[in-house]
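Peer 1: In case it helps, TrEMBL gives these features for our protein:
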- 1-402: domain 'Major facilitator superfamily (MFS) profile' (DOMAIN)
- 30-48: transmembrane segment (TRANSMEM)
- 60-77: transmembrane segment (TRANSMEM)
- 83-105: transmembrane segment (TRANSMEM)
- 117-141: transmembrane segment (TRANSMEM)
- 147-165: transmembrane segment (TRANSMEM)
- 228-248: transmembrane segment (TRANSMEM)
- 260-282: transmembrane segment (TRANSMEM)
- 289-308: transmembrane segment (TRANSMEM)
- 314-337: transmembrane segment (TRANSMEM)
- 377-397: transmembrane segment (TRANSMEM)
Amino acid sequence: MTSALHPLCRGAADLCLAQWNLVCDDDWKAPLTTSLFFVGVLIGSFISGQLSDRFGRKNILFSTMAVQTGFSFLQIFSTSWEMFTVLFLIVGMGQISNYVVAFILGTEILGKSVRIIFSTLGVCIFFAIGYMLLPLFAYFIRDWRMLLLALTVPGLFCIPLWWIIPESPRWLISQGRYKEAEVIIQKAAKINGVPAPAMLFDTAEMQDSKPQQQQKAILLDLFRTRNIATITIMSLLLWFFTSVGYFGLSLSTPNWHGNAYINCFLSAVIEVPAYVIAWLLLRSLPRRYSLSGTLFLGGGVVLFIQLVPADLNILSVGLVMLGKFGITAAFSMLYVYNVELYPTLVRNMAVGATSTASRLGSIIAPYFVYLGAYDRFLPYILMGSLTVLIGILTLFLPESYGNPLPESFEQMLKQTEVTELQPLS
């Protein structure tokens, strides 16, 4: 989900900025630092999809993991706010890139039932666990350089995974590299104890599909027809507004009453049941209704906060948590929904493009929180209204529930036409 502003990175950033005493005339630098991280995330979202569609999921996954780990380590030696912030931007590029590519790689390797578990409980639960560990690390490690070191070292443990994680067979097939895909599929079948044919792709099939598989996708392919363009534009808006709500609530944690470490922990804990609910909804209900329902819940609850008396702080915090629950559940379902809408040739590019729209929302989210200095309810009114609005828009998107992953634009358009005949079924 949520892959998001990485909470572990932000914890060290907050301590770092505190050391440089960014207050009074320099208080604008704190939200700017967070926004510039998201600028890096935006750039990474934009380029990672195109790079992995062209050079392969696995290569880009490990390259961007190296960028994130390496530049996070360099941040430890920052001597100024400017140096820290520039490195933070590059870390953002690597962090979101490996998150998006890992998500796509997992969904293309795994089967339909396991894919949903991986997309929700797998990826997101471990994200939440890392989020919950942040206040624990930060509580016992008060020096930001040592904290950043402790949070960077685990990246080295990913190196052995190069020999374990395979390339996506779907991507290899889309590139006409049938023999490599066949080796991976045969190996997977052997591990799972499933018999597989000695030859998966015959020569005639390879030659017939070769011209199509050698196509190189470009960003404009996401707008190649009116139907596809409509889906893309609506998806971009969905990701943008959901991101504003999710990051706005996440970044407002320090403004809550009570202990900052406990509040951060609670903000992470609420994501666990949100992911579980998202998984259950994805298993049994149409995507549009699931997304719209959780967005209505999150946005409606956040709007209700302004009606709570000022002396009922616990109730206000509870409503914020419930609002984040709804928006988090919706955010975690967006990845699954996007993957199911687009064909293999542009799937990673589509997720990268929509994720880029999400980062635009995350860039302005810190300034939504900043508005709380003038009116404590204004951020919640804006975030709640936008979330409810996008919940309505979601109902007009095509349904992907029960459909196989499209392999071509023709399959995508065929599924869209069926949805248009029955827009709310």
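Cβ atoms are placed via backbone N, Cα and C, with glycine included.
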Peer 1: Which bits of the chain, at least 6 residues beyond where the transmembrane segment (377-397) starts or stops, bring a Cβ under 8 A of a Cβ in it?
Peer 2: 231, 234-235, 237-238, 241-242, 244-245, 248-249, 252, 288-289, 291-293, 295-296, 298-306, 320, 323, 327, 337, 368-369, 371, 423-424
Peer 1: State the residues, same chain only, that lie 6 or more residues beyond the ends of the transmembrane segment (260-282) and have a CB under 8 A from a CB inside it; answer 'none' if no residue qualifies.
Peer 2: 1-2, 7, 11, 116-117, 119-121, 124-125, 127-128, 131-132, 134-136, 138-139, 249-250, 253-254, 290, 293-294, 317, 321, 324-326, 328-330, 332-333, 336
Peer 1: Restricting to the same chain and to residues at least six past its boundaries, which positions have a Cβ under 8 Å from a Cβ of the transmembrane segment (314-337)?
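Peer 2: Sequence-distant neighbours of the transmembrane segment (314-337): 1-2, 4, 103, 107, 115-116, 119-120, 123-124, 238-239, 242-243, 245-246, 249-250, 252, 256-258, 263, 266-267, 270-271, 273-275, 277-278, 281-282, 287, 290-291, 294-299, 301-302, 304-305, 308, 351, 354, 380, 384, 387, 397, 400.
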Peer 1: Mind pulling out the one from 30-48, 60-77, 228-248 with the most Cβ pairs under 8 angstroms to the transmembrane segment (83-105)?
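Peer 2: Selected stretch: 30-48, with the most Cβ pairs under 8 Å.
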